[in-house]
Every structure is written in C-alpha cells, then in structure tokens.
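Annotation comment: TrEMBL describes C:G9, C:A10, C:M11, C:N12, C:S13, C:G14, C:K15, C:S16, C:D83, C:E84, C:A85, C:Q86 as ATP binding site. Annotation source TrEMBL lists active site, proton acceptor at C:E84. Annotation source TrEMBL lists Zn(2+) binding site at C:C141, C:C143, C:C177, C:C180.
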4 protein chains.
Amino acid sequence: MAKLYFRYGAMNSGKSTALIQVAHNYRERGQQVFVVKPEIDTKSPVVLSRINVTRDVDLVSDADTALRDVVLASGRPDCVLVDEAQFLTGEQVEDLFRLAVLDGIPVIAYGLRSDFRTRGFPGSLRLMELAHSIEELKTICRCGRKATLNARTVDGEFTQDGSQVAIEGDVGYESMCGTCYLNKVGTLG
Amino acid sequence: MAKLYFRYGAMNSGKSTALIQVAHNYRERGQQVFVVKPEIDTKSPVVLSRINVTRDVDLVSDADTALRDVVLASGRPDCVLVDEAQFLTGEQVEDLFRLAVLDGIPVIAYGLRSDFRTRGFPGSLRLMELAHSIEELKTICRCGRKATLNARTVDGEFTQDGSQVAIEGDVGYESMCGTCYLNKVGTLG
Amino acid sequence: MAKLYFRYGAMNSGKSTALIQVAHNYRERGQQVFVVKPEIDTKSPVVLSRINVTRDVDLVSDADTALRDVVLASGRPDCVLVDEAQFLTGEQVEDLFRLAVLDGIPVIAYGLRSDFRTRGFPGSLRLMELAHSIEELKTICRCGRKATLNARTVDGEFTQDGSQVAIEGDVGYESMCGTCYLNKVGTLG
Amino acid sequence: MAKLYFRYGAMNSGKSTALIQVAHNYRERGQQVFVVKPEIDTKSPVVLSRINVTRDVDLVSDADTALRDVVLASGRPDCVLVDEAQFLTGEQVEDLFRLAVLDGIPVIAYGLRSDFRTRGFPGSLRLMELAHSIEELKTICRCGRKATLNARTVDGEFTQDGSQVAIEGDVGYESMCGTCYLNKVGTLG
C-alpha cells in the first residue's frame, strides 16, 4: 500500500530543498514525479529553495482543483510531491489520501504545521488527521534550540495581528522555539 | 528545555500500557510522575491497559480544570503523563505546553488523533499544533497493514452517525488501515 | 514488502512490555505471532516485563538454531517477535531479514544496542546494519535526561571489567545518559 | 545537553544536501558551524551535493586527527557537521560524543550505514552504538521500494568482491531495497 506522508517543519527548515532532492532521486532511478504547488504563493510557479535550487512545478493548484483527477489524467506518476501543502483544502488532502490508498501512488506533502498565531492551516490540520506518516524537518531558533513555531513581524515588530496568510512588503517571519515565542510574541494566540 | 510530547495511536495500540511503563520507569529512578485523565471516560479513575495492568491517576480533570495550576500546586513532579489526551480542551493543551516550556516539566500526552469520522478531537488537534515531538504508537489492522483510522460499529454495523464520543452499550470501535476503512465505512466522513 | 524492525532501548526501557503489547494486538485481530527468545537468559523461557506481565515464548533459540527454518516450519505466523535480540548471532539476524524480505513475514526485534562498555552486541550490530527500520524505546537516566548507555555495577560499584554478559548475583545494571556515564564510569570503554 | 546525531541513508539519499541546508540554517540565524569531511574521498575538499550545491569544509580529517581538540581550538562553533561520517575512526566518533556531552556542542554526522557487502563501516558502527539520536534519510530503489542497502557494480556487473572503499573508474554503486539486493547480488555478503 502506498502512503500519504506529511513532512512538516517551521519556516526555513528546508522543506523545498528536501522536495527537490526527492524529485531528483526519483528521476535518477528512472521514475516520474508530479509536483504540485497551491497558487497562494503567487510569486512563482516553481519550487524555490533557499539554498538556490529551483524546480518547475507540474501543477499550480487552486482551491477548486480536483487533485486526484488531474494527477491520474497526467499519466500516473510514481510519486506526487506537494510544496506548501498547508495551503491545500481539506478536500484536496482527502484526494491525496485516496491517491495513496486507492491508486497506489505515494504522496509526500511538505508544509508548515501552524501559522504565526500557532494555529494550524486547513491543509496541515487535515494532513495531521489523515497522513500515514508524520515526519518533522528540524531547524533551529536563533537561541540554538529546535524551532517549532513561526512568529510574524511587521516592520521588524512581532505581532499576532492580521490574516493567516500575508507575505507582502514589510511582513516577515521567523521560526522560533517555544521559549522565545512566549518571550517575544507574548501569548500562544 | 523540557518538551511536550504527543504520542498518538489508533484504538488499542497500547497507549495506556506505554503510559504505565513510563510511570514505572520514572518511579524506579526515584522520580515523581503526575498522571492526568480527562473525566469523559467516566468508567474509571484509573489508567487501564488491555494487557491487564492498571495505575491510579492523580487527577481526573474536567474541561474547567486549570491543569498548570493544579500540577504546580501538587509539588512539582518530574514528569506529567496524560491518558486519553484527545479529550483535553485546547486551552488545557496550551497549559501543558507552558508546563514544559516555562516550568521545565516534561509532559507526555497519549491519545487518539482522530475520531470515527477521521476528524481530530479538540485536544489532539491542539497537540498536533503545539507538541515539540509527535510520535506514533503503531498497531495493525485486521488485514495486517498498519492501522491509522478508527471505525465505529453499532450492533456490529459500521456507521458514521452519532456524536464524537460514544461508548455506551452496543457501540464498538475497530482500528483500521485506510483501505479497509474506505471499503467498509465507505467515505472519509 | 514485510520489514525487519529493530526497536532498541537501554535497560529497563520497557522492551518486553512493548513486545507483549504487540503480541496482544496481533492476537486480538485474529493473527498469529511467533515469539523467540535466545537462551542466554536462562532464568526463564518467558518474556518477563518489569510491570509484571509475562508471555510464553514459542522458541528458546541457541546460537545454532536455524531461525528461518523453524519459523517457516511452525505454520507461517503473521509476525515474528524477538525478545533480547542482542543475543542473536549475526547469521540469525540475516535469517530474520530473509523472513521479512523473501517470505513476507514482518519481524520485530527488541534489544539492547550496547553493553556496559558501550560496545554493540553481535545481534545488535547486525540489526543496525540490516533492519529496515530502527526505532528507539526511550527511558530516563536518574538525572532526568534520556538514558542511552548501560552501566554495570558489582557490589554497587561501577566497573568496566568482566565479560559482555553477566547476570549473576552481585552484578547490577543501570541505564544512563552520556554525562552520568562519563562521570561515574569514567571512560567510554 | 547537546546531542550526537547520526543521520544515515543509502547512497544518493541526499545526505550532503541535507548537511548544506542545515549549515545554511545555522548561518542564517547568526550561528557558526564547523564542517568536517574525512579525507578518504580525495576528490574534493568540499561537500558536494548531487543537486549541484556545494559548500567548503572547515577541516579535511585523516585517521589521526584529534577531532575534539581541533574543533575546540577553532573557536567553539554552535554546531559540528560531518560529511561521509562512515569514514571516521571509532575513536573520532567518541570524540564527537564528548564534544556533545562534555562541551555542549551538538554534532550532526551524515553517513552510510553499510558497505556493498551490507557490513558497517567503522565510523557507522560506532555511531550506531553512541549516537543520542539515529535518524534515517530515505531514498528509493529502482523498483519503487525504500532503498536500505548499497550494491557495487564493476563494469556494470554486480559484485561482492574488492575492498570496502573503492571509487575508481569503472566502479559504480546503486542503492537498493532488500529484495532487489538479494535478487541481483545474490547473498548478504
């Protein structure tokens, strides 16, 4: 039985790099991958790693995309990889689950587990409920501990205000451990 | 830094046995544990393992229990263990997070991740958002694959009807793999 | 494909309890397990947990036992469980690997990874080389940190003398973290 | 307490990419890493990833290098990263263990666990005995299963002959699952 994997990590933990490496591994063994990225990150139709590696995506999805249909119509890949999986809808996660369970295609979804208020994204929460395997990609806080939360800054100040998704201009993010988050942001949101 | 651990597993995966073993290990090294169990399972104020081991609980909590206050007032244990952690409120999970991060007391919470409709419980979802470490306790489906979902039966028939929690009379549960769940229950709920 | 699992842990981490729980889970789903224990622990032909649960073993093996032949002749169980797997020979671990890979029978081997001088046992080292999945059962040191090493005492004094296996009279063992091991035992052996 | 991590994986599983990503993460948080590579791979004093990212190493070690002394003399980094850690000596692994336990510097060692005859390398075996955390970097076999073993080819033919390390001319390697290894190479070596 193929599985649905959720590989989560705080911001800048190397999720896109890991995806690109796995895509490379499959291709190197003569296998076909299908790479999906939800459109919410409109800046680029590519997977973009912070160590300066990129990869084209096969599908930029929106909330209405019927993922299972599109993947099966594409010619049955050996593996489906999803970047920024936190932006999937719950129904799309169910589609990925069916691709693994009913169609025998392994699916590896990379994403954040929680937003700047420590709350799950719709895609992450459904992945946490359904994934056959939940694996963490670790990164560190500025203090040296493991980072597990994501803090938002606006003009360099920590804030818990604003919508769940915001990437414009003066908005920044920093992955943090629990201690630093409580110290700097103040509450769990 | 102490951590908040979420050790999740399908029904009958041995969560209570694992809790009792960890409590034993701490005591054997001369350390103190504090065992919490939400009151929703009204049958017994003990941790009850299916291999016939039991352990008294130190606190039967309800939705209003201020977990952090009670634990700290109890004399500062070396570890907090929670049985049936899916029945905690989100606020109580935040309390457990603070016990680990601010008070330096490790917390290990054992629980289901999802109900018979594949939906998270309030406590499980908040644990999935906040736990420093998410670990699976594995068990098997009747077909031999790993079980990750929980199906409900009423009078021996699979159903997706009813409230999230029901343990009376003719209601039964079976842990299942995705394939068997889709075959027997029909949909993802 | 079935897998060979190595679930290792320091002394008193609950390996036998975990084995008994898994055996229970299989039986409860109507499946057959086959429990093996190397004879070196001559005290008892049972799996004995420190929380006072026991289970009969199906085979007490010695270094000459052809594990794969015996298991296949026994009527093809759904799973093979091994207690004290550190005492297997390397060839027997290879047999377990073949049972998983060629015969499709999952094998879960529980054991120590290292002796009181921090050196691997023959069975553990071959399991570390061949197992499809290596998983840790955690326990704690007297100081509260995770214990990963095993120290030997004779008449209550820590020592690095003696043969790899010794369980008679005044010999005792304590699972320890690296810091306490270096402090109390002195060197890495 | 800092920890010694062993992150192992079959050939071409992305170990060097992962190391480069972690080094990037530390630097991005204003922290200092120290990158070690045993000299046995004489081709290059850099960490070289197959997705075409490279990083300079801070130390090319040989079997006589006193790793702990060199690292501490370098100015106390926040983290030590080791590429091709299977080529360390056992004593050097003990030095890494002491760097973590006694000096409080986390060490992450990336390497193969076994050679083309399924036997551990000296560095890998000692890491398997001493590491506080053993984590797998997964990759796939040509058949789609997880690869856990490494097969050697000479002129395109699978072989179990030759020395443990050989990277000249017509020697090639392929990461494989157990089934394909037994089918193509024949025995476990």
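Backbone N, Cα and C atoms are what each Cβ position is placed from, and that goes for glycine too.
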Residue among the binding-site residues C:M11, C:A85 whose Cβ has the most other Cβ atoms within 10 Å: C:A85
Helix, strand or coil at C:D83 (ATP binding site) [DSSP, three-state]: coil
Neighbour count (Cβ, 10 Å) for C:C143 (Zn(2+) binding site): 14
Number of other Cβ atoms within 10 Å of the Cβ of C:C180 (Zn(2+) binding site) across all protein chains: 19
Sites among the recorded positions C:S13, C:D83, C:E84, C:A85, C:C141 close to chain B [C-beta, under 8 Å]: C:S13, C:C141
Integer Cα-Cα distance in angstrom, C:D83 (ATP binding site) to C:C141 (Zn(2+) binding site): 22
Residues close to Zn(2+) site centre defined by C:C141, C:C143, C:C177, C:C180, Cβ within 8 Å: C:I140, C:R142, C:G144, C:R145, C:A147, C:M176, C:G178, C:T179, C:Y181
C:M11 (ATP binding site) and C:C177 (Zn(2+) binding site), Cα-Cα, nearest whole angstrom: 12
List of the binding-site residues C:G9, C:C141, C:C177 facing chain D, defined by a Cβ pair under 8 Å: C:C177
In three-state DSSP terms, the structure that C:M11 (ATP binding site) belongs to: coil
Where C:C141 (Zn(2+) binding site) falls in three-state DSSP terms: coil
Extent of the ATP binding site in Å [max Cα distance among C:G9, C:A10, C:M11, C:N12, C:S13, C:G14, C:K15, C:S16, C:D83, C:E84, C:A85, C:Q86]: 15
Around the Cβ of C:C141 (Zn(2+) binding site), the count of other Cβ atoms that are within 10 Å: 21
Distance [Cα-Cα, Å, rounded] between C:A85 (ATP binding site) and C:C180 (Zn(2+) binding site): 26
Around the Cβ of C:C177 (Zn(2+) binding site), the count of other Cβ atoms that are within 10 Å: 22
Nearest recorded site to C:C141 (Zn(2+) binding site) by CA-CA distance, among recorded positions C:M11, C:K15, C:E84: C:M11
